[in-house]
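**Q** I have a structure I would like to understand better, so I am pasting it below and will then ask my questions one at a time.
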């Protein structure tokens with residue numbers, strides 16, 4: 001049955017945009033807010049949206065069929081901007097006497113990417129001004145596998161650009177300048193499936209190197225971080241398709257890195273047409289249309305905007321569970337996101353492999369640093385009572401250690417094993433060791449006991465924040481891969497409290513970290 005065209009209105013931040021979408025895009029009109037100087041001013045942006053929204057919508061509707069529904073960006077975003085769009089959408093829906101549909105902005109980026117690529121079950125890197133997230137579909141929702149712990153990559157780049165007096169938006173200008181640059185070392189912050197950009201931006205601002213070198217290195221470092229956590233998500237989920245969405249996705253170097261990584265993993269990669277990458281009304285209209293087909297409409301009285309609306313809060317009624325999604329097979333069981341593991345004579349050799357997408361100097365630095373740190377911290381964790389493999393030999397890129405003949409925790413999740421895992425992590429944190437990558441792939445189960453492996457991102461810290469981030473990584477993985485995540489998290493917490501005196505303070509911090517990611 002033919003649905004008919006849906007009107008979509010986007011206005012979460014910079015761009016006021018509207019579109020009409022039927023089986024394909026009919027018309028798209030955008031009118032972005034451009035500040036005189038500095039970054040976005042929410043009230044000024046809202047005033048801009050209010051001043052142009054009527055003309056933008058009139059231009060979209062002129063000469064086209066009357067929409068059968070009105071969709072609008074309900075969140076996340078800037079409250080003043082969202083309220084302008086929400087008010088207009090309600091008025092139009094009542095005027096046309098058609099259904100109203102509230103669309104999650106992040107989910108809309110994912111759905112327009114799926115439409116443009118034809119991919120069915122991809123991992124999605126969403127890289128924009130305010131958001132940096134790696135998402136994928138599981139059990140009726142889009143799960144967030146990893147995300148920024150501080151600011152979005154686009155905002156990070158724009159902050160650096162403003163500090164150097166570069167015009168807005170800063171991303172294209174930095175990309176242009178970077179073409180003539182050379183690499184200089186800058187901070188690289190990846191914490192399991194999450195990442196952080198504030199330290200990188202601060203170091204780039206303070207760097208005394210030529211501007212072209214700093215721009216080049218800022219891109220090389222930030223985009224390598226994004227590519228690394230995206231590869232982890234592909235490895236963790238066993239998915240074989242990747243889509244890049246969001247305004248930062250227009251950067252050719254980021255596209256090149258992701259394409260290179262996917263080629264090495266035999267994964268398919270797609271980037272939508274530029275008109276679908278940044279914030280746009282087409283993604284709202286298209287997502288509204290698929291939601292309308294599944295009956296996901298809003299009564300006007302329940303259409304309040306939500307500035308903190310996360311993608312994983314949306315019940316995805318318009319998709320079916322892909323076949324095999326319960327198993328999440330990892331086609332790279334012998335080759336994870338960072339290393340190849342070879343087994344021989346009761347030993348496991350973990351060999352860190354070079355990544356073609358990373359700058360060679362950065363690649364060598366990370367391999368050497370992570371190999372040395374891993375060997376040292378495995379030994380320290382073992383002294384603290386944590387079950388880890390015994391180290392036998394170390395080289396520049398290889399650790400030879402005892403082979404633990406077990407299965408990954410992700411393949412046998414249970415409350416009993418998560419409670420045991422909590423006790424183990426409690427011992428680790430009590431010894432002031434932070435693992436840095438507490439995913440369910442890095443716990444092995446052998447004879448009913450859990451063993452902790454892969455200390456490549458580990459470090460020492462007595463900081464509450466660092467230990468909270470450690471647990472946040474694990475909780476994110478549980479939420480994105482298990483329908484019983486709440487039960488499993490409670491079991492972990494019970495075990496953790498047994499061994500970690502500061503457990504409540506750390507767990508409260510983990511909750512604060514989760515809330516920070518609502519809209520950054």
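Using N, Cα and C of the backbone, Cβ positions are placed for all residues, glycine too.
Annotations per Swiss-Prot:
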- 1-318: region 'Kae1' (REGION)
- 105, 109, 126, 279: Fe cation binding site (BINDING)
- 126, 127, 128, 129, 130, 158, 171, 175, 251: L-threonylcarbamoyladenylate binding site (BINDING)
- 327-520: domain 'Protein kinase' (DOMAIN)
- 333, 334, 335, 336, 337, 338, 339, 340, 341, 350: ATP binding site (BINDING)
- 437: active site, proton acceptor (ACT_SITE)
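Help me picture these features in the structure, burial and contacts included.
**A** Here the region 'Kae1' (1-318) has a mean pLDDT of 95 out of 100.
Under a cutoff of 8 A between CB atoms, and with a sequence separation of 6+ in the same chain, the neighbours of residue 105 (Fe cation binding site) are 10, 12, 73, 74, 75, 76, 77, 279, 284, 309. Under DSSP, residue 105 (Fe cation binding site) is assigned to a helix (H, G or I) in the three-state scheme.
Listed in sequence order, the residues of the same chain lying 6 or more apart from residue 251 (L-threonylcarbamoyladenylate binding site) and placing their CB within less than 8 Å of its CB are 171, 175, 219, 223.
In the three-state DSSP scheme, residue 339 (ATP binding site) is classed as strand.
When secondary structure is read from DSSP and collapsed to three states, residue 437 (active site, proton acceptor) falls in the coil class.
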**Q** So for residue 339 (ATP binding site), how many other CB atoms are inside 10 Å of its CB?
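**A** Excluding its own Cβ, residue 339 (ATP binding site) sees 22 Cβ atoms within 10 Å.
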**Q** Which secondary structure state does DSSP assign to residue 171 (L-threonylcarbamoyladenylate binding site), in the simple three-class scheme?
**A** helix
**Q** If the L-threonylcarbamoyladenylate binders are 126, 127, 128, 129, 130, 158, 171, 175, 251 per the record, what's the largest distance between their Cα atoms, in Å?
**A** 19
**Q** Give the sequence-ordered set of same-chain residues, not counting 105, 109, 126, 279, with Cβ within 8 Å of the centre of the Cβ atoms defining the Fe cation site.
**A** 12, 106, 108, 110, 128, 131, 245, 246, 283
**Q** State the count of C-beta atoms found within 10 angstroms of the C-beta of residue 171 (L-threonylcarbamoyladenylate binding site), not counting that atom itself.
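**A** A 10 Å sphere around the Cβ of residue 171 (L-threonylcarbamoyladenylate binding site) contains 21 other Cβ atoms.
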**Q** On a C-alpha basis, identify the one among 109, 126, 128, 130, 437 that is nearest to residue 337 (ATP binding site); the candidates are the recorded positions.
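**A** So, spelling it out, the nearest of the recorded positions is 437.
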**Q** Measure from the CA atom of residue 339 (ATP binding site) to the CA atom of residue 437 (active site, proton acceptor) and give the result in Å, rounded to a whole number.
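**A** Roughly 14 Å, rounded to the nearest whole number.
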**Q** Can you give me the Cα-Cα distance between residue 339 (ATP binding site) and residue 126 (Fe cation binding site) in Å, rounded to a whole number?
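**A** Spelling it out, the Cα of residue 339 (ATP binding site) and the Cα of residue 126 (Fe cation binding site) are 25 Å apart.
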